[in-house]
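The following features are taken from TrEMBL:
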- 755-766: compositional bias 'Low complexity' (COMPBIAS)
- 326-378: domain 'HAMP' (DOMAIN)
- 397-468: domain 'PAS' (DOMAIN)
- 526-740: domain 'Histidine kinase' (DOMAIN)
- 745-788: region 'Disordered' (REGION)
- 12-32: transmembrane segment (TRANSMEM)
- 52-74: transmembrane segment (TRANSMEM)
- 94-116: transmembrane segment (TRANSMEM)
- 302-324: transmembrane segment (TRANSMEM)
Amino acid sequence: MRFFADPRRRSIALLTGGAVIVFFLLGTLQWFNTSWIDFLNPETYGQTMALTALEVLLFLLLLLLLLLLFRTVLRVYVGQGSSGVGARLRSRMVLGAILITVTPAALMSLFSYFLLNRSLERWFSPDALQLRDDSTTIVQELVEYVAGNAWSEARTVAESGAPDRDDQTLQQALSSRRITLEGGFLLVYGNDKKLIATFQAPPESSSAYLRLSTPQSGWTATPLRGPLSAAVLSAAQRNDHPVVDVMGQEYALGAAFTASGKTVIAVLPMPKGLNETTTRIRSGADEYMKLFHARRVIKNTLSLTLLLVTVFVFFSSVWLAVFLSKQITRPVEALADAMDAISAGIYEQRVEGISTGEMGELVRSFNHMAADLETSRQLAQTAQAQLTGANAAVEERRRELETIVETIPSGVVTLDASGIILQSNRAFAALMGLKEGASLAGEKIESILPADCAEDLAGVIRRANRMGAASTEVELHARGRVLHLAITSARLVLGDGKAGSVLVVEDTTELLRAQRQLAWKEVAQQVAHEIKNPLTPIALSAERIGRHLERGQADSPNIIRKCSEVILGCVGTLRTLVDQFSALAQFPAPQPRPCDMNQIVEEALALFGGRLDGITVKRDLEPGLPAVLVDPEAIRRALANLIDNAAEAMHGSLLRVLGMRTALSEDGAAIEVTVSDTGPGLTDEIRERLFLPFYSTKHRGTGLGLSIAAKIVQEHGGSISAESNSPKGARFLLRIPLMEPATLVDTRGPQEAISSSGSADRSSARWQSGGQSAPAVAGTETVKDLAS
């Protein structure tokens, strides 16, 4: 049978069958207890032996259950100390089942035991034993009561004297007692004990029985022989209050005598069913007496049964806990073994044989996990092989980069946040005048460079940390000559997440020398070319003026005037050339458009995003400011110079707060932008020269940052001022007016404006004349005119 082939299903079937059998036995035992069976009330030797055998069987069954219970608990206790996976779980489940069942079962058993003893005491109490005697007494008193009424009726008739009179008077006297007789009858006997008159008497041939009540056997019935009147007379002569049964109706007798010696007997009916009721009471009392004598056997049997049920409950709970624990611990043990196999690297291990319930779902999940682990191991092996190849490629690339860094002519240095050299190449050591192969790792960069160069380097590193990258140029005296070095610093994030810097140092000495020579050569050629063109008309005009002055001709004044005009035109051309060369250093003309000043401030701060380390930026930007007509790129550049100077000024301050504030001026005609810091502040001397070109409070830099910012603000028709900040530091106030496009101010001066327009005209003329300037063409035409 396939159903019983599965151990789990077979266990469930056995458990179900055992439970059915146990409940059947309990029901049968309860039926025995509630039914009156002769087997449980032994009266003979055989019944007693059978009941004794049943008690012995129950006792042996009790011992067997106790033995099994002790064996199960002992096995659980011994298994608790083992290292098995499910031993402790099984022990806890069994202990929990015992704790759950023992307490209520013990309480119920004790309650049932005490209730049983109390009930047995009540059942067999002296009051219950008195029931038998009291029932007999009640019946006897009832008979005496009815007999007393009958005697009263008989005496009434006897005292009336009717029995001594004629028959008609006697019958009338008897008939007058119809109501009080209540269905009974009267008999009158003469002095010779012969019947002389009757009233409502049954036929003489009616059968009669004499019933007497005895304490031992109850009511006894004795047949009466002869006529009914003779039987009644003989019964009335008894003094133990007999009851006469006439044709199934019981009667009580009462006799009285007249003065003449005649006998009057009154026969009154007893309540119907008195005999049956008395018999049932007597039978019940007898059965009760039998139980009373067997009360110890009943008590022992019930107590043993109760104890057997209690032990069976304990055994069932423990066995059920063990069974359920095995249903859980066996799959857990299988899972643990599979986990050990997987941890040992056997990823092909699977758990089989459990396919239902939550544990089956857990096993399926475990098998799925094992399959995923096996797939992941294969993928990991593939990825490891790929990673090994990638690492080899990265290592090869790293060696190539190291080779490149070591062979390039530029010096490369990697620093940490404190300025300690992490790595450098040979070119840097050569630039610093150190021996080839010297290791600089672990040295401070300031100890390698001179003091002035070290300060410039610290400044460019700070700017690079703020702006991402920064460059500077320094002069270094090494190897007996002056070196011009271009240093570029970039922010670097090291492998452990810490900040650092990478420096690229290039020797630009020869490059600067060549660039300067080339620049001067180009400038000289351009200047010579541009000046040579107007010099020819000037020379020709001067010669012509000289000839006409020597000749003194009549048209000489006109000729001299024309030549003078030519000379003046050429001089103007030369002035324009000079202005154009001056304009080479000018910033491009502003390109204003409506802008939001708060947005420009935020964009200027965004240039330093994440690079203002240790500086707290406080914004106080007034919302709803009107738009201003400015060049956003120029204003952003000016604000960036101010922010960079403020950050540099707060480098050595304990309190470093950068304030940015925008507001509408009191007159409503301009927007005020305030940049404040908590640096050392400004003295009066510094404040007077602060915006002059090439002036700087630092030992490095060009000194053009603030002058450029001031020029940008002035080109927009605004103003810039510096003052002391409270409680310390400096504060720069930019005032940008609200202006129309036509009011944009050009601060380049009239000559620069003329040169700019002239440059545009000359550019157009050069494009139209094939690359020659307009003044050169005009000069050539004048020469032709003079020559003619």
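Cβ coordinates come from backbone N, Cα and C, glycine included.
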Same-chain residues near the transmembrane segment (94-116), Cβ under 8 Å, at least 6 residues beyond its ends | 72-73, 76, 299, 302-303, 306-307, 310, 313-314, 317-318, 320-322, 325
Just give the helix, strand and coil counts over the domain 'PAS' (397-468), going by DSSP.
-> 38 helix, 12 strand, 22 coil
So what's the average pLDDT for the domain 'PAS' (397-468)?
-> 80
What is the number of residues in the domain 'HAMP' (326-378) that are helix, strand and coil, as DSSP sees it?
-> 40 helix, 0 strand, 13 coil
